[in-house]
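Now, the feature entries from TrEMBL:
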{"type": "BINDING", "residues": "Gly27, Gly28, Gly29, Leu30, Met31, Gly32, Asp50, Glu114, Lys119, Ser141, Asn165, Lys296", "note": "NAD(+) binding site"}
{"type": "DOMAIN", "residues": "22-206", "note": "domain '3-hydroxyacyl-CoA dehydrogenase NAD binding'"}
{"type": "DOMAIN", "residues": "208-304", "note": "domain '3-hydroxyacyl-CoA dehydrogenase C-terminal'"}
{"type": "SITE", "residues": "His162", "note": "site 'Important for catalytic activity'"}
Amino acid sequence: MNNLNVICRKFSHSASLNAIKKVTVVGGGLMGSGIAQVAAQAGQNVTIVDLNSDILEKAQKSIQNNLGRVARKLYKDDPSKMEEFVKEANNRIKVSTKIEDGVDADLIVEAIVELLEPKQKLFNRLDELAPQHTILASNTSSISINEIGSGIKRKDRFGGLHFFNPVPVMRLLEVIKSDEMSQETYNTMMEWGKSVGKTCITCKDTPGFVVNRLLGPYSAEAFRMFERGDASKEDIDIGMKLGAGYPMGPLELADYTGLDTNKFVLEVLYQKTKNPVFKPIPLLNKMVEEGKLGIKTGEGIYKYKK
């Protein structure tokens, strides 16, 4: 049996045991649509909420295309099963521009703009509207979970679920413990992560969590090497791929995740830790100001064909 069939069986088995059957994702961008996709693949009913109807339309098209690719890998010799897989997963996904349409859920995952104030306002609103049993979670990559949920009452049913981009492909999920999260909530989050095919690791609410806290210095030093002219971008990336066994070099990875995201994460880490390794990098700031954000804009450290 191949790995994809094993994964598919895991989806079905775990979802049947999991307390979370209905999921809402607030934010229909790249991360939000990916989270919605993996939940729908796992047999859960999903609502995507975004104020922008164009973003929702784009999310639906993206999910449709991604589900097609998954289906071809799972059922390459059976077109009827491919079609059934895509149709069933799509039928589990609804979209809305109204937050009220998404509050009746077992789990609500926030995947909006990476800024503290909008996240706080959203969670304060969700806390008022959602049923008492609903678990609230943020997909933030670096903002303090405790700060995000500081205004809500259900602090025992709140934490972080940090997915990685692209969500359907990346196998890791960081489950971030808020200070007042209950053991039951933690167990449910971990089980849900497994049900959508992820390997879950746990971290307390510390700046950058696990991955970004370690990735930040690595990425920052790569930018500084390139900025000083110590080595070419190609040699920096090849060096880490062939010398350290990394699948991508640090500058390639920065382009892939977005230079604006890299800049923001470093800013948060520097603000919270005062570690000089996270100090602002002039080259990175300049590129973000110029709109050279990486793959998503067609140019970052490297140039890409759109």
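Each Cβ is built from the backbone N, Cα and C atoms, and glycine gets one as well.
Bear in mind that the values here come from a model prediction, so they are computed numbers and not experimental data.
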Integer mean pLDDT for the domain '3-hydroxyacyl-CoA dehydrogenase NAD binding' (22-206):
96
10 Å Cβ neighbour count around Met31 (NAD(+) binding site)?
22
Which residues does Asn165 (NAD(+) binding site) neighbour through Cβ under 8 Å, counting only same-chain ones at least six apart?
Leu30, Met31, Gly34, Tyr256, Thr257
Chain-internal residues near Lys119 (NAD(+) binding site), provided their CB is under 8 angstroms and they sit 6+ positions away
Glu110, Ile112, Val113, Ser138, Thr140, Ile143, Ile148
Residues that sit under 8 angstroms from Gly27 (NAD(+) binding site) by C-beta distance, when 6+ apart in the chain:
Val49, Asp50, Glu110, Ala111, Ile112, Val113, Asn139
Packing count at His162 (site 'Important for catalytic activity') (other Cβ atoms within 10 Å of its Cβ)
23
Smallest number of other CB atoms within 10 Å: among the binding-site residues Gly29, Asp50, that is Gly29
Rounded Cα separation (Å) that holds between Gly29 (NAD(+) binding site) and His162 (site 'Important for catalytic activity'):
15
